[in-house]
Amino acid sequence: MERDERPPSGGGGGGGSAGFLEPPAALPPPPRNGFCQDELAELDPSTISVPDDRAEQRTCLICGDRATGLHYGIISCEGCKGFFKRSICNKRVYRCSRDKNCVMSRKQRNRCQYCRLLKCLQMGMNRKAIREDGMPGGRNKSIGPVQISEEEIERIMSGQEFEEEANHWSNHGDSDHSSPGNRASESNQPSPGSTLSSRSVELNGFMAFRDQYMGMSVPPHYQYIPHLFSYSAHSPLLPPQARSLDPQSYSLIHQLVSAEDLEPLGTPMLIEDGYAVTQAELFALLCRLADELLFRQIAWIKKLPFFCELSIKDYTCLLSSTWQELILLSSLTVYSKQIFGELADVTAKYSPSDEELHRFSDEGMEVIERLIYLYHKFHQLKVSNEEYACMKAINFLNQDIRGLTSASQLEQLNKRYWYICQDFTEYKYTHQPNRFPDLMMCLPEIRYIAGKMVNVPLEQLPLLFKVVLHSCKTSVGKE
């Protein structure tokens, strides 16, 4: 996209944009009433059918044996399902006599219980989906895999987590009638105050961004991907087989990609040589970027192939709960060259004060570490536009959000694009059998980071972005 190369005239106006080179045209005006419901209603996309469920054999994500279904959040066999349930119900603490990296296969899975349980946790088995009495019929059947930190996995493997839970319940008795699983499920829902039906969205400048930002609720440590029905990982003993892409899957993916605005961002990020960017100017630029990215998400909704299948109220509710995640996902993928290129050049011209460095929060440090990790993960995967479009739709179609009127319809849509994404990755990346689960496990990390950013004070965002962009750009430049 061409930019006006004329030097900025006059002083820095109210937007704090002195020194930045303006584009030839301003961004389109924001909608006046939430998501422009009149414009949304005028669209009439064609109705599409749901592809038939595939009956091909699935393999257990833990050992590669024949899977029998979705157990505690992931596709697994009866053996690993029972082992995980017994280990959690009986609070087992195992030991590995080797290096804690034993091979897991159908024949070798019983040789090391420690490594088997470790892999169950790493692949996303949800221990909170097991009933406390150990009887069949676990809690939270709609919840998919969970992603927990290495520290929490270590607490579970060492037994420390079991001891802490026992102490908690002994101290609280029956004062809390909800189970841990129920509390986790409830806390995963956005607060009623975060829905756009109770507060109209304005996209102009800092005030709206701040109100939206501060109004979001923080997700719990466990972040769920709803309805992980079908991702499969091939055992090393079961090499992937050649397959063809279903024509209907290709058509639906093409429609998803067509709904995306893949043009470069229009927010000016060029800056005069030698110009020293202030904290206020960098913050104003970040707000303008957020405004443009959010506007693109609204335009994206109106172009979705399934637009006519949901109500405007549900779209409003979905976007109010996922907009931060959508912006983060797009910044790490389709707009990463600009964000980690042009924006990184701007942040390099910002020098934080000693006071800013001293007051930087622990929450900010955690966000920095996770963002850098996630950037390298996406950089390694080299996510295609097709995969990005599917990941975005899957993350957006979260039927566990409070206030929805068509949760069952959302479940079917989520399932549809889950299968489509798996079809595409297994077809295009035949020799990367773990690519699809690798992509899907990035989604709970995105949700976690987006939720954690709520705890970072707004005045610390310029420093946070400077550190992340500098670290990522420097490390990639060395490759």
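Just so it is clear, glycine is given a Cβ too, placed from its N, Cα and C backbone atoms.
The DNA-binding region annotation in Swiss-Prot covers 57-132.
Secondary structure at CYS63 (Zn(2+) 1 binding site), taken from DSSP and collapsed to helix, strand or coil, is coil. Among the features that Swiss-Prot reports, Zn(2+) 1 binding site is placed at CYS60, CYS63, CYS77, CYS80.
Here the Cβ of CYS102 (Zn(2+) 2 binding site) has 19 other Cβ atoms within 10 Å, regardless of which shown protein chain they belong to. Residues or ranges marked as Zn(2+) 2 binding site in Swiss-Prot (evidence: similarity to another entry): CYS96, CYS102, CYS112, CYS115.
Taken from Swiss-Prot, the feature compositional bias 'Basic and acidic residues' applies to 165-177.
Taken from Swiss-Prot, the feature domain 'NR LBD' applies to 248-479, supported by sequence analysis.
Residues annotated as region 'Disordered' in Swiss-Prot: 1-32 (among others).
If you look up Swiss-Prot, you'll see 131-150 (among others) marked as region 'Disordered'.
The feature region 'Disordered' is assigned by Swiss-Prot to 162-198 (among others).
The feature zinc finger is assigned by Swiss-Prot to 60-80 (among others).
Among the features that Swiss-Prot reports, zinc finger is placed at 96-120 (among others). On the 0 to 100 pLDDT scale, the model's mean across the zinc finger (96-120) is 90.
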Residue pair CYS77 (Zn(2+) 1 binding site), CYS115 (Zn(2+) 2 binding site) - Cα distance, angstrom, rounded: 17
Spatial neighbours of CYS80 (Zn(2+) 1 binding site) that are distant in sequence (at least 6 apart) but have CB under 8 A: CYS60, ILE62, CYS63, ASP65, HIS71, ARG109, ARG116, CYS120
Binding-site residues: CYS60, CYS63, CYS96 - member with fewest neighbouring CB atoms within 10 Å: CYS96
Close in space, distant in sequence - CYS115 (Zn(2+) 2 binding site), Cβ under 8 Å, 6 or more apart: CYS96, LYS100, ASN101, CYS102, MET104
Tally of residues which DSSP labels helix, strand or coil - the DNA-binding region (57-132): 25 helix, 8 strand, 43 coil
Listed in sequence order, residues not in CYS96, CYS102, CYS112, CYS115 with Cβ within 8 Å of the centre of the Zn(2+) 2 site Cβ atoms: SER97, ARG98, LYS100, ASN101, ARG111, GLN113, TYR114, ARG116, LEU118
Neighbourhood of CYS112 (Zn(2+) 2 binding site), C-beta criterion under 8 angstroms, separation at least six: TYR94, CYS96, SER97, ARG98, CYS102
